[in-house]
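Structure first, commentary second.
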Amino acid sequence: MGPIGAEADENQTVEEMKMEPSGPGHTTPRGELAPDSEPELKDSTKLIEVQIILILAYCSIILLGVVGNSLVIHVVIKFKSMRTVTNFFIANLAVADLLVNTLCLPFTLTYTLMGEWKMGPVLCHLVPYAQGLAVQVSTITLTVIALDRHRCIVYHLESKISKRISFLIIGLAWGISALLASPLAIFREYSLIEIIPDFEIVACTEKWPGEEKSIYGTVYSLSSLLILYVLPLGIISFSYARIWSKLKNHVSPGGVNDHYHQRRQKTTKMLVCVVVVFAVSWLPLHAFQLAVDIDSQVLDLKEYKLIFTVFHIIAMCSTFANPLLYGWMNSNYRKAFLSAFRCEQRLDAIHSEVSMTSKAKKNLEATKNGGPDDSFTEATNV
């Protein structure tokens with residue numbers, strides 16, 4: 001299975017259709033059904049009340065994700081003072097999450113409700129690829145943001161990344177993600193599967209070279225787990241732990257101790273939230289997909305589709321959590337959001353001039369007094 005598993009494995013759908021309860025205590029093979037009967041999946045996702053809950057859950061995530069990520073992108077484009085290197089990375093994260101909202105969730109919900117692939121052969125190849133691409137860009141960008149903060153705060157580097165370099169990094173993130181996601185487009189098969197005579201379903205499944213139970217699928221899943229979860233989580237956790245330690249041990253001038261203490265607390269909370277959200281949201285889905293590839297009997301679970309869907313919903317919650325963590329928890333973004341709603345374009349020029357002037361004076365005085373440098377100020381503002 002791919003790194004996102006946007007559609008539940010069609011093999012499990014086929015297995016469930018082959019054998020279905022026909023009465024208390026026994027089952028009837030599909031080949032013995034009455035002539036006018038039609039196969040139906042007997043899992044919880046076919047219950048109307050469950051479908052209503054799933055529709056509400058997915059629609060809520062789509063709405064929150066589209067609004068939140070669109071706002072982040074909008075304020076970075078609209079306000080000149082927001083066009084910093086870190087904010088470019090955050091905007092790129094918002095673009096990737098926005099693609100996840102628009103490309104992952106609607107198709108996953110459609111498949112879950114309908115039980116088969118209804119989007120045609122072209123989208124059978126393109127949709128999983130686009131989904132994998134968006135998720136990988138999002139993960140790489142989260143890692144880049146952590147490394148950028150670590151570089152500026154822990155090592156006090158005076159030479160910051162230029163905007164040109166930041167765009168190059170963003171381009172590389174998309175290029176690497178496009179390459180890593182390519183197997184999801186190449187190794188796919190759009191086909192009709194006959195369940196019983198005169199009844200077929202449309203399937204869009206992974207088709208790896210070699211035998212039916214190819215090792216390639218398992219290798220790809222293990223690689224995806226390592227590249228998209230284990231390695232990024234390790235880098236992000238290490239970077240933010242170093243940042244937290246640096247902020248904790250930094251000594252501020254006596255007059256501003258309370259001010260910087262409060263800002264450190266806010267920064268620490270945000271850093272912890274970033275790591276926890278990433279770890280908790282993606283672990284169930286990655287682990288479940290890996291279990292499917294290692295042991296195909298997982299597909300025989302009666303509630304396979306429901307379990308998969310719940311884990312997928314948990315993972316997708318990160319798409320609206322990211323703009324909250326990187327945007328709304330930041331005072332500059334909050335002001336920009338409010339200004340955008342009020343259409344106060346003039347505030348941008350004023351904010352830019354005043355903030356740069358006051359910041360320069362404050363940093364000059366702080367440096368003379370042995371106070372905090374610019375990297376610590378930025379640490380609580382990114």
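From the backbone N, Cα and C atoms, a Cβ is placed for every residue, glycine too.
According to Swiss-Prot, the protein carries these features:
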- 1-46: topological domain 'Extracellular' (TOPO_DOM)
- 1-39: region 'Disordered' (REGION)
- Asn11: N-linked glycosylation site (CARBOHYD)
- 47-67: transmembrane segment (TRANSMEM)
- 68-87: topological domain 'Cytoplasmic' (TOPO_DOM)
- 88-108: transmembrane segment (TRANSMEM)
- 109-125: topological domain 'Extracellular' (TOPO_DOM)
- Cys124-Cys204: disulfide bond (DISULFID)
- 126-146: transmembrane segment (TRANSMEM)
- 147-166: topological domain 'Cytoplasmic' (TOPO_DOM)
- 167-187: transmembrane segment (TRANSMEM)
- 188-217: topological domain 'Extracellular' (TOPO_DOM)
- 218-238: transmembrane segment (TRANSMEM)
- 239-269: topological domain 'Cytoplasmic' (TOPO_DOM)
- 270-290: transmembrane segment (TRANSMEM)
- 291-305: topological domain 'Extracellular' (TOPO_DOM)
- 306-326: transmembrane segment (TRANSMEM)
- 327-382: topological domain 'Cytoplasmic' (TOPO_DOM)
- Cys343: S-palmitoyl cysteine (LIPID)
- 363-382: region 'Disordered' (REGION)
Pairs 6 or more apart in sequence, C-beta under 8 angstroms, 3 or more of them: is that satisfied by the transmembrane segment (167-187) and the transmembrane segment (88-108)? yes
Sequence-distant contacts of the transmembrane segment (270-290), meaning Cβ under 8 Å and at least 6 residues beyond its ends, amount to 1-5, 142, 146, 221-222, 224-225, 228-229, 232-233, 236-237, 240, 243-244, 298, 307-308, 311-312, 314-315, 317-318, 321-322, 325-326, 329
The correct DSSP tally for the topological domain 'Extracellular' (109-125) reads 12 helix, 0 strand, 5 coil
Within 10 Å, the Cβ with the most other Cβ atoms among the disulfide-bonded residues Cys124, Cys204 is that of Cys204
The correct DSSP tally for the topological domain 'Extracellular' (188-217) reads 3 helix, 17 strand, 10 coil
Helix, strand and coil residue totals from DSSP for the topological domain 'Cytoplasmic' (147-166) stand at 12 helix, 0 strand, 8 coil
DSSP tally for the topological domain 'Cytoplasmic' (68-87), helix/strand/coil in that order, comes to 17 helix, 0 strand, 3 coil
